[in-house]
Every structure is written in structure tokens, then in C-alpha cells.
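S.K.: Please read through the structure below; I'll follow up with questions.
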């Protein structure tokens, strides 16, 4: 019996071990698979947002590509609507008529149809009555059963640029392998996740199954690379359909990308157009051509955002890490990747603001286990913790902002004027500041009035020179503009004036909040303070302009009021003079010598009503000028500070051109 019991226990134990082994089987996911399952992280929440994000990613890649070779960007974006029949033909499906109509979500019963027709007839009668009585008709409601739940909209998105282009052999991995690219150094970049067009390819794979098509050519290449590929999501590798070289007869350089995705133009039309407009504001040196091609020509959209300047910001420079911004994992990776031999050389060459003398002092502070000549590859995990602790506690100089590339006051001002046509605009560019070891620069612009601007405060946010359109309520710019600025003190009416607030933040690390990285949090005091200061500086400039405008307006009102009474005053004075002349002629009354001379001029028509009008008008001008001067003296309105002008060559190799730069204009002198 005991043997049987033990045998039973052994069987039970073995079965339990088998279950545990099945449960403990580990599975791995590729990066592509992770982002495919969590596409909302990268901004692909729904078809409409996916269409917007695809356009955004392609446009930003195009700008980066052109700016990397100092080429003035020319970007063409086309969204072409693809009907169901055309899409089916693209994937090789034959259109099929419905057989069982009741199976579909948009099936309408006879009773529901009668009810809908009665409702539509009643609405038509009301509209006819309103039209007859002159009342305004309301917009007719859209029927709820226009489209089946599973019926999708498809679009072909095309983006063409004049940028750097891509090497022939690198194209498959650049598009078909997630988390591989050229933008992973520490520098200011437009991207949020480093995915670029890869996520658009993943979404295309998920929603249509169609491959992406890339044409690219680099400068001085005599061929154009054409590549058609999709991505193996589970293995995170490209699946190449075609990869070939074609003759480059036009000597074109750049990239052209075609991708077919599911989207929703109707719901995200305004967002896409706002994005293009705001991109034109922050990059006035670029030229954008946007087209939407619909199956119904009446819905086609074509907008051209013309270039207004050829002054481009400098290219962002890759920089080294600041000691206060690193963590243990980064220290370990830097030690693994460094080519330096000793710890002293490692500290001196892999970090900013650590010179040889400071590196030696830091090593001395680390303890007896460290020495300047010790091999950096022999540093243990415990020693890395000591280095990290010292980095967090020691005092280092702040990193400089030389590695950053802000838009510049000139470009920001020009972009605002170009797109909004405001009555007044002021801009300010702050100096480089630091948070958590990362440098950042805040630029701001405030405009009053303009075209297509609503009453109240209109906020335009930019991070590393890209527009932020979503989750505005929690953003540091929104909260600062609405809650921390006393607009009335700057003679600006917060509710009635059309106010545009533009804030651009550039940094090697933008502290985005939320999974979608659509806003900058309000919890970093350094950034909040810099944003408030930049907006206030703009408001101070505007206040001076507004006060001068009010002064001119009051001066005009005074002059208008005085001028209004000139004819009446002239007639009254002239009648008195004529009466005095008659009294003098009839010798009924005697006058002084000066008065007699004046009365003689009246009798001889040397002084007339017209001459009196002229004299009174001159007097009004003089009084008006003196009152305006006194008002300016009392109100303390002074001349605005003069701005420095810097002389700089646009192209150092071209000695025939000299540019005179200031924050608000560029004057080009051609020798």
C-alpha cells in the first residue's frame, strides 16, 4: 500500500511539474510586435489620428533630411482618397454584391425606413416654412446609418522632398526594422519615439496589408533607388518585394514615399491643415505644397505655403552627456562603448564640463579603490554606483546651449506675420537654461489681431520646432498664458482682443507627459519660469506699441474735435470783426491803434473767413503737437531700445553677399 501511495504521489508530482513547465514557458516580442499591439503610444489611436500621425512623421523626416545638408526644404504632401473598388483591385479582390442584406450592420428594416422618411419629410416642410418666412434654417442632421461599422476609408499618402536621400543598401533596414536609425545620439531632434515612417509601415501592414514604396537618390548619384517592402512584425525584419536602381535623368536628390493606410479625413481634416499651417509658421524658410485628392472633385483641397526667407537655423549638434543627467545604465553603456583606456580619459572625454583637473579631483573623491590610471573596462558594478552617486552630489557647470537650434526671433516673427497677418507682433528669444542637466531655450511670440484668429487667447505650442496640437489643457504654455499672465496690465483685453501666443521650446530632452507625448508638463519650475518670462517680455514690447497707438488715437480724437468747431468759430469771429469795422467806419466807437490796423485789413478783405480758417487750423495743429508732447512726457513713453545688428555671411564661400542680421530683419547687401 505504501508503495502504491508513493507511486500515486510521484505521478501527481510529475503532473504538477509538467504544468509548471508549461506555465513558465517564456515568450519574447519583437519591438515591431510591441508597437503594433500598443500603437496608441506612437499616436496611432484610431484611423483618423493614424492619418494625421503618418503625415506628421513623413513631413518631419523630410525637413530633417533637407536641413541636414543645408538645403532649403521643399516638401510636397498628397493624400489621395481610395474608394472600396479601387482598394479591392489594388489587393487583388473582386467586388462582390451583398447576398444576405440582413447580415450587415447598416441593414434598415421596413419600419425603420418608413420612420426615417417621415422624419425627413417633416424636416423638409419646416425648412420650406422657414425659407418662406425668412428664418435661418438649421443644418440638416446626418443619418446614423450611412455606413456599415466595418466599412473603412483608405488613403494613399505621398511625401516628396529635396533632402539628403538614403543610401541604397540602408533603405530596407531604415524602414523595415523598428528601433534602428540615425537619430539616437544626444541632440535636439524633431522625433518623439525614433520610429519615423516605420510606424506608418506597421499601420499599413495592419490595416491594408499593402507594402510601402520608397524612391530615393543622394546628391551627385546617377541613379534612383526604388524599394517596395513591408515588415515582418514578429521577427522585426524587412520583407523586400523589389529593390532596384533606376536612371536618375533629372539629377534629383531626396526621397519620395508612398504608403496606403486606413484613415479618416473627415474627422481629422482640420487637425492636418492646422498642423501644416503651424509648421509653415515655425519654418518660414520651407515651402510646403499640400493636396487632398477626393473621389468627388468638389472636395479637393490644394494649399501652398510659400517660402518667405532663405535664412535657416543652424543644424543641431550632437553633444555629450552632462554628469548630472546620467543614470547607472547609461554609465554602464558609456563604459562599454568607450574607446578610452583609463578612467581619467573616460571622464574627461565622454562628458561635458569635465576637464582634466576636475576629472582628477572626482577620482580622488571616489575613494582608494579608484585611480586616474585604472583601466576603465575594469570598473565594477559597485564602483559604477559610486560614480553615479558622486555625479548626483557634485557641482558642475551648466551645459551650454550651443548644441541647440532654435527657430530664431527673425523666423518666428516672419512666420507669424506670413500666416496670421496680425496688427501687432512681438517676439523674444531667451538665453539657454538647464533642467536635469539638459539645456533648453524658450522662444515666444505674442500677436494681436490677424486673419483667421478667434477672439481671446489662441495658443500655438512647439517642441523642437514641431507643432503640438493635442492635450493642450495640461501644457505648461497653456496654463502660463491663461493663469499667470495679467493681460490687462499690458493694455491687452484677454476676452475681446484676438491674441496669438506662440511658444517654442527646444532641448536635447523635451519632458513630454502622457503616453502620446503631446504636451509638456507644468511640474518643471525651470521651464515654467522661462515660458512666463518669455511671454512677459513680448507683452512689454506690445504695451509700448499699444500705448503709442492709444496716444495717436487720442491725438486724432482731440484734433478731430477741435477741427469740428473751426467753421463755427471762424464765422462768429469774422462777424464780430465786420461789426467792429462798421462801428469804426461810422466813428461810433474808437479803438486802439493795433485794433484799427486789423480792422483796416478786414475792410480791405486782407483778412477773410478763409484766412481765419487757415490760421485756426494752424493753431489747432500747434496745440495738438504741444499736448501730445506733454502727454508723452507725463506718461513716460520713451523711444524703444535699439537692437544690435550682427554682420554674418549666409555662405562663407560667397564673398559677394553680406547679410546684416537683427532679431527682426535681415538686410542683404550684394557687392
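Cβ from N, Cα, C; glycine included.
What TrEMBL lists as ATP binding site is 61, 161, 182, 183, 191, 192, 193, 194, 195, 196, 197, 198, 517. Per TrEMBL, the feature compositional bias 'Low complexity' maps to 10-23. Per TrEMBL, domain 'DNA topoisomerase VI subunit B transducer' is recorded for 399-558. According to TrEMBL, the feature region 'Disordered' maps to 1-31.
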S.K.: Name the residues of the same chain, 6+ apart in sequence, whose Cβ is under 8 Å from the Cβ of residue 197 (ATP binding site)?
M.R.: 54, 57, 58, 61, 175, 212, 257, 259
S.K.: Would you count the other CB atoms within 10 A of the CB of residue 61 (ATP binding site), including those on all shown protein chains?
M.R.: 21
S.K.: Determine the Cβ neighbour count for residue 517 (ATP binding site): the number of other Cβ atoms within 10 Å of its Cβ.
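M.R.: For residue 517 (ATP binding site), the 10 Å Cβ neighbour count is 20.
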